[in-house]
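Some notes on the structure that comes next.
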Amino acid sequence: MSILPLFLFILYYSIGFAAIFFWRRKKNEPDHFYFQAAWALLAIVLYTGTLEVLKGTAYFFIPLAFFLLFYFIYRNNRARLRNGLFFQFFLVIFGIYLLYNFYLTKDLLVAGLFVVALGIFVLIAAFGLIGLLIFLYWNAAIVLKKESRNVANLLTLLLALFLTIYLIFDFFLQPQSPWYIKIPFTYLSIVLGYLLMNFIIFLTATLLYQFYYPKYNQDFLIVLGAGLINGERVTPLLAKRIDRAILFYHTQRTKSGHPLKLIMSGGQGADEKVPEAVAMKQYACEQGVPESDVLLEANSSTTYENMRFSKELIEQSAVNDPKAIFVSNNYHIFRAGIFARQAKLSAEGIGCKTALYYLPNATLREFAAILVMHKRLHTIVVALITAYFAISTLLYLIN
C-alpha cells in the first residue's frame, strides 16, 4: 500500500484542524465540534477519492453528487424535514462507497472506517433497544426529581413503559399467539417502524439546523417567549434565550458596530400578570441592554404568531432590506424556522443550550408537534397500511 495518500490525508487534515481551531477560538462561542466534524467528513471524502483516482476510477463522484444535492436543498431552506432525508441518503450511499473503495484499494484506513461504522451498527442492532430503555428510565428519574410532574415531562417514562411492554410481548408472548393476535401486532410494529423512520429524519434535520452561524450585520434579533414564574418573572429556560440574544448583541457591537434591535416576542397568558415580552425586556435591561434597543411584541400566543407579529414590527421600521434572526432553545429552533417560513419572515434561528436531562422530553414534544404539522400525510400513510392489513386479513379468513 502506498503511504503517499495517507501522508497527504494526515497533512491536509491537520492543517484544516488547526485552522478551524484558531479561527473558532477567536469567536465568543468556539463551537469547534460542528466545524471539525464537517471538515473530518470532507477530508475522508478527499482521501478516498485520491485512492480511487490512483486506481484509475472515479466512482467517488456518486457520493459527492448526493452530498451536493443535499447541500443545495439544505442551503435553499434549512427548515425542511427533507434535509434529514437527503442527508440519510448520502450516508447510506457513502457507506456503500466505502465498502467498494476498500474492495478496490485494500486500504487500511478505509477498512478501519468501515469496521467502525459496521461495529456501531451491530451494537445498535444488538443492544440499542436495551440501552435506549435504560437511558429513558434514567432520564425519567432525573426529570421527575427536577421538574414538575405533568404529561409533558413524563414522555420519556411513558415511552419507556410502552417499549418495555412491547418487547416483553414480542419476545415471550407473540411467538405462541394465535393469528388474530399476530396480525394486529405486526400492524403495530410496521406503524412504529414508520414513526421511527420519521423520528430519525426529524432528528437529523434538527441537528443539521444547528449548523448556522449568522454574520454580524443583523438589524433585528427576535427572542421567542416562554412561560413566566409566578406570571411575572422569566424562567431559567427563557433567561437562557435572552442571554443568548444579549451575547450576540454585544458580539455584533464589538465585531462590526452594526446597530441591532432586540425584539422580545411573547403575549400574556391567562395565568400571567404581565406579557412575556415585558418581563423579557425587564430582564434584558437588567443585564445592561439599553432600553432604546429593545422592542416589544406582546400580542402573540403561538410560535407562528411570534414570527408573524414580529415581521409586522420589523416592516414598520425605517430599515431598508432588514436582516433578522431569532433565538430559542436548540431543540426548538428547527420548528420555529418552519413557522418563520410560513409567516414569510426571512430569518434563521440560533439556539441557546438546554440542560441535557431536559432534552429527551423536549425533543419528543417537538417531534409530536412536527407530526401534527404534517398530520394529513401521516394519516394517509397509516390509512394505507391499515387498508393493506384489513384486506390481507379478509383474504386470510376467506381462504
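Glycine residues also receive a Cβ, built from the backbone N, Cα and C atoms like all the rest.
Taken verbatim from TrEMBL:
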{"type": "TRANSMEM", "residues": "6-23", "note": "transmembrane segment"}
{"type": "TRANSMEM", "residues": "32-50", "note": "transmembrane segment"}
{"type": "TRANSMEM", "residues": "56-73", "note": "transmembrane segment"}
{"type": "TRANSMEM", "residues": "85-103", "note": "transmembrane segment"}
{"type": "TRANSMEM", "residues": "109-138", "note": "transmembrane segment"}
{"type": "TRANSMEM", "residues": "150-173", "note": "transmembrane segment"}
{"type": "TRANSMEM", "residues": "185-209", "note": "transmembrane segment"}
{"type": "DOMAIN", "residues": "219-361", "note": "domain 'DUF218'"}
{"type": "TRANSMEM", "residues": "377-398", "note": "transmembrane segment"}
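Note on the domain 'DUF218' (219-361): its mean pLDDT in the predicted model is 93.
Panel annotation: around the transmembrane segment (6-23), residues 32, 35-36, 39-40, 43, 46-47, 50, 109 of the same chain, lying at least six beyond its termini, place a Cβ under 8 Å from a Cβ of the stretch. Residues 45, 48, 51-52, 59-60, 62-63, 66-67, 69-70, 73-74, 110-111, 113-114, 117, 200-201, 204-205, 208 of the same chain lie 6 or more positions beyond the ends of the transmembrane segment (85-103) yet place their CB under 8 Å from a CB of it. Long-range Cβ contacts of the transmembrane segment (32-50) within its own chain (Cβ-Cβ under 8 Å, at least 6 residues beyond either end) map to 5-6, 8-9, 12-13, 16-17, 20-21, 23-24, 58, 60, 63-64, 67, 94, 97-98, 101, 109-110, 113, 210-211.
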